[in-house]
Every structure is written in C-alpha cells, then in structure tokens.
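Peer 1: Reproduced below are the annotations present in Swiss-Prot:
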type: BINDING; residues: 27; note: Zn(2+) binding site
type: DISULFID; residues: 27-94; note: disulfide bond
type: DISULFID; residues: 29-121; note: disulfide bond
type: DISULFID; residues: 39-146; note: disulfide bond
type: DISULFID; residues: 148-195; note: disulfide bond
type: DISULFID; residues: 153-158; note: disulfide bond
type: DISULFID; residues: 166-187; note: disulfide bond
type: DOMAIN; residues: 27-146; note: domain 'NTR'
type: CARBOHYD; residues: 210; note: N-linked glycosylation site
type: REGION; residues: 27-30; note: region 'Involved in metalloproteinase-binding'
type: SIGNAL; residues: 1-26; note: signal peptide
type: SITE; residues: 40; note: site 'Involved in metalloproteinase-binding'
C-alpha cells in the first residue's frame, strides 16, 4: 500500500510537471512577414491603449484592453470600430502585454463572437517603430499582395514551388526575421501572373508593377 501511494504521488507529480512544462512552452510562434500578418488578420488597426482589466484570474485568465482606435486598415466587413482587445492573461499562453497611455500601436487580431483577440503571435508593434514602407504597406500595398505567399527561407538553397511565392530570406541575415525584406518590401503578383518583391515610392498599379529583388 505504501508503494502504491508513493507510486501514485510520483505519477501525479510527473504529470503536474509535464502540464506545467506544456503551459510554459505552449507559446511558440512562427515568424510572419508583416504582409502575411496583415493578410491573415481579421482586424488591423492603429490604436492607443487607454485602460485594461483582468476579467478572469489564473493560468487561463483573460485580459481586456480598452483602446482608442485611430485608424482601421483591415476589417471593415467585421466591424467599424474596435473598443476592446482581448488576450490571454498568461504570457506562457501567448498573452501580450500592452502599455496603457504610452504608445500608439499597430494591432492585428482575429474576431471571435464579435470580439477582437490578439497575442504575441500576432503582429503588434509601437507605431513609431514601423518603417515608412511598412506604413505604406498598411495603406494599400499589403492588400495588393494578399493573393501571394511569402515563403520563409532558413537554409540555402531555397526553391520556388509555385509562381505565387516570394522567398523571404531575412532569417539568413544578422537582422533575423525583421530584416530588410520585412521592413521595406511587399510581395505582389505581376501582370504575368507570378509574384515577386516590390519596393517603390509610388503605389503599384494593377497593370504594370516594377519588381525588385532585394
């Protein structure tokens, strides 16, 4: 009986340890180019956080941020105005921490049951850290490229498997995934039907796009 109790306690501790490990390591995000973050989001807004409230405590709690929306870039079909942003309270579950009354943020998220949810795997960054190219991308360029696919390249050589793909090679540089392509380029379909990187001062038109490989 003593052996059984000891074994049961050991098993319980082991399972508890595994569960805690799973929770602490649950938040793993694949890098996203800002264009894909834009295209894969239901909502993309520029906003300032003006308040926060913990709705549910504990490891599976929810944090609600009250925001002042400055501009919406994507999501008009879902809602016209966003007042609250929801995220997991625990950082281990990909909850994001936003500063109140400090920054304007670019916030991307998904809509569930009429509410906007976001987390560290979404593209969230203080507005003043965005490059001019990224800001232009939000206004029109990223939308033009939503029918293209940005394919991360971690090791050379990389191979295109479809004509709608652009290689994302920032991970091969010292800057990592927020390198030159993420900061300055958008992947756009050309009139010939294939996608390639674009960078320019003027918005790309739909009939002729000057593509530039970074």
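For all residues, glycine too, the Cβ spot is worked out from N, Cα and C.
What you are looking at is a predicted structure, and each value in this text was computed from that prediction instead of being measured.
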Peer 1: For the recorded positions 27, 29, 94, 148, work out the Cβ neighbour count at 10 Å and name the residue with the minimum.
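Peer 2: Counting other Cβ atoms within 10 Å of each of the recorded positions 27, 29, 94, 148 gives the minimum at 29.
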Peer 1: Over the domain 'NTR' (27-146), what is the model's mean pLDDT?
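Peer 2: Here the predicted model's pLDDT, averaged over the domain 'NTR' (27-146), is 93.
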Peer 1: Given the disulfide-bonded residues 39, 146, 158, 187, 195, which one is most crowded in terms of C-beta atoms within 10 angstroms?
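Peer 2: Of 39, 146, 158, 187, 195, the one with the most crowded Cβ is 187.
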Peer 1: When you tally the Cβ atoms that lie within 10 Å of each candidate's Cβ, which of the disulfide-bonded residues (121, 166) has the highest tally?
Peer 2: 166
Peer 1: Once the chains shown are all counted, how many other Cβ atoms turn up within 10 Å of the Cβ of residue 153 (disulfide bond)?
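Peer 2: Around the Cβ of residue 153 (disulfide bond), 15 other Cβ atoms lie within 10 Å.
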Peer 1: Secondary structure at residue 39 (disulfide bond) (DSSP, helix/strand/coil)?
Peer 2: helix
Peer 1: Please report the distance from the Cα of residue 94 (disulfide bond) to the Cα of residue 195 (disulfide bond), rounded to the nearest angstrom.
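Peer 2: With distance taken Cα to Cα, residue 195 (disulfide bond) is 32 Å from residue 94 (disulfide bond).
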Peer 1: Give me the CA-CA distance between residue 39 (disulfide bond) and residue 166 (disulfide bond), in Å, as a whole number.
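Peer 2: About 15 Å separate the Cα atoms of these two residues.
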Peer 1: By a simple count, how many Cβ atoms lie within 10 Å of the Cβ of residue 40 (site 'Involved in metalloproteinase-binding'), its own Cβ left out?
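Peer 2: I count 13 other Cβ atoms within 10 Å of it.
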Peer 1: Near residue 40 (site 'Involved in metalloproteinase-binding'), which of the disulfide-bonded residues 121, 146, 158 can be found within 10 Å, Cα to Cα?
Peer 2: 146
Peer 1: Tell me which of the recorded positions 27, 121, 158 ends up closest to residue 148 (disulfide bond) in space, Cα to Cα.
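Peer 2: Result for residue 148 (disulfide bond): the nearest of the recorded positions is 158.
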